[in-house]
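Record features (Swiss-Prot):
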- 1-19: signal peptide (SIGNAL)
- Trp83, Asn144, 147-151, Asn180, Gln187, Gln204, Trp208, Trp243, Tyr282, His284, Trp341, Asp348: substrate binding site (BINDING)
- Glu181: active site, proton donor/acceptor (ACT_SITE)
- Cys195-Cys262: disulfide bond (DISULFID)
- Glu312: active site, nucleophile (ACT_SITE)
- Cys317-Cys349: disulfide bond (DISULFID)
- 346-350: region 'Involved in stabilization of the transition state' (REGION)
Amino acid sequence: MVKLFSFLLLVWVASPAFSSEFLKASGSNFYYGGQKVFLSGVNFAWRSYGSDFGNGQYASNGPALKDWINKVKASGGNTARVWVHVEGQVSPAFDSHGFVTSTDSKKTLINDLSDLLDYANGQNVFLILVLFNGALQNNSNVQNLFWDESKLNSYINNALTPMVNALKSKPSLAAWEVLNEPEGTLQPGSDQNSCYDTSTLAAQGAGWGGKKFPMKQILKTINWISSAIHNADSKALVTVGSWSELTQTDSFGYRNHYKDSCLTGAGGKSNGIINFYQMHTYSHSGKWNQNAPFKVNRWAYNVNDKPLLIGEFASVCSQNEGIQNLYKYAYNNGYNGALTWQFNSGGDCSDTYSNQMYGMQALKGQNDQSGGKGGMVSVNIN
C-alpha cells in the first residue's frame with residue numbers, strides 16, 4: 001500500500017498543473033467556464049518596441065505593463081494584446097548563420113512572459129501574445145524564416161515549442177498570434193490558386209512596409225507555426241491579425257486567404273490553422289470602408305465557423321461615433337471582441353490611454369448571453 005501511494009503521489013506531482021478552465025473557441029463564439037465571452041480590451045502592443053521581453057529587458061518594462069493591466073481591469077476590460085518578438089530585436093536568439101538557438105541570449109523570455117501572465121491572471125485579464133510583426137519586418141534573420149525551412153524549424157524547435165510548453169498551463173493566455181498584419185510585407189501578385197492570388201490588393205495599399213513575401217510563403221509560415229503550437233498544446237487558440245476585412249472574408253468579392261483550406265494547402269499541416277479570425281479597421285479621411293466592421297454586422301462576412309475579433313480600432317480614426325459607441329456596436333452586432341489601439345498612445349490612429357479606459361467602461365459588467373450579443377465581459381480567470 002505504501003508503494004502504491006508513493007507511485008500515485010509521483011504521478012500526481014509529475015502531471016501538468018492545468019487549470020480546469022481556458023478560453024475556448026466553439027462555433028462563432030468564445031467561451032470560458034461555459035459562458036459566452038466578449039474580449040473587451042486594448043492593444044498594449046509594446047512599451048519598448050521589440051524589447052519588452054527577453055535579455056533582462058523585462059525588469060525595466062514589466063512594471064509599466066503591469067500598471068497597464070491594472071488600468072484595463074479598473075476600466076472593466078478583460079483583454080490585452082501584447083507583442084513579443086516583433087522584428088527580432090531581442091528575441092529569438094539567432095546564431096551567425098541565421099538559425100535560432102534559443103528564446104533569447106540570456107534565456108529570460110519565458111520567465112518574463114510567465115510573470116506577466118501570472119499577474120494578468122490575478123487581475124482577471126487575458127493576454128493575446130503576438131509573435132512577429134508583419135506590418136514591418138526589417139530583420140533579415142526573421143525574413144529568412146519565411147524562406148528557409150531549416151531555419152523555420154530551428155525557431156519552432158528551439159524557441160516556439162519551449163515557450164508554448166512552458167506557458168500552456170497559464171489560464172490567462174488567451175491566444176497566440178503568429179503575425180500582426182502580414183499584408184504589410186506582402187508582395188502582391190497573380191496566381192491561378194485564389195488562395196495565393198493577391199493582385200487586387202496592390203491597389204489597396206498592401207506591401208506598405210516593403211513587398212517581401214508572396215502570400216503562399218506567408219500562409220506556409222503561418223501553417224507551420226500554428227501546427228507547432230497545436231502540437232505542443234492542442235487546446236491553444238491561434239490567430240492572425242489582418243490589416244482589414246479585405247483578406248479574411250469571401251463576401252463582397254473579397255478573398256479569405258486565411259481559411260483552413262488556404263493555410264493547409266500552402267503548408268501541408270492539417271492542424272496548422274487559425275482558431276479565430278481577427279480584423280483591424282481604421283477610417284480613411286474620416287470615412288470607413290463601406291464593408292468595414294463598424295459598417296456591417298459580423299454575419300455579413302460569412303465566417304461563422306469561428307469567432308471574429310476586431311483586433312485593432314481607434315476612435316481618432318473612425319467616423320466620430322465616439323469610443324464607447326464603437327465598443328457597444330461590436331458587442332451588439334455579433335463580434336466577439338474589440339481592442340483599441342494603442343495603450344502607449346504612440347503613432348497615428350492611436351487613442352490616448354485615458355480615452356481607451358473610458359471606452360472600456362461602456363461594457364463594464366455586461367453579460368448578455370442571447371444570440372448576436374457579445375456575452376460575458378467580467379471574467380473570473382481561475
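Including glycine, each Cβ sits where the backbone N, Cα and C put it.
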Taking the Cα atoms as reference points, how far is Trp83 (substrate binding site) from the residue listed as 'active site, proton donor/acceptor' in Å? 12
What count of other C-beta atoms do you get within 10 angstroms of the C-beta of Glu312 (active site, nucleophile), across all chains shown? 28
Three-state secondary structure, Cys262 (disulfide bond) (per DSSP): helix
Counting other CB atoms within 10 Å of each candidate's CB, the least crowded of the recorded positions Glu149, Glu181 is Glu149
Of the recorded positions listed here (Glu181, Cys195, Glu312, Cys317, Cys349), which is spatially closest to Tyr282 (substrate binding site) when Cα positions are compared? Cys317
For the region 'Involved in stabilization of the transition state' (346-350), the number of residues DSSP places in helix, strand and coil: 0 helix, 0 strand, 5 coil
Counting other CB atoms within 10 Å of each candidate's CB, the least crowded of the disulfide-bonded residues Cys195, Cys262, Cys317, Cys349 is Cys349
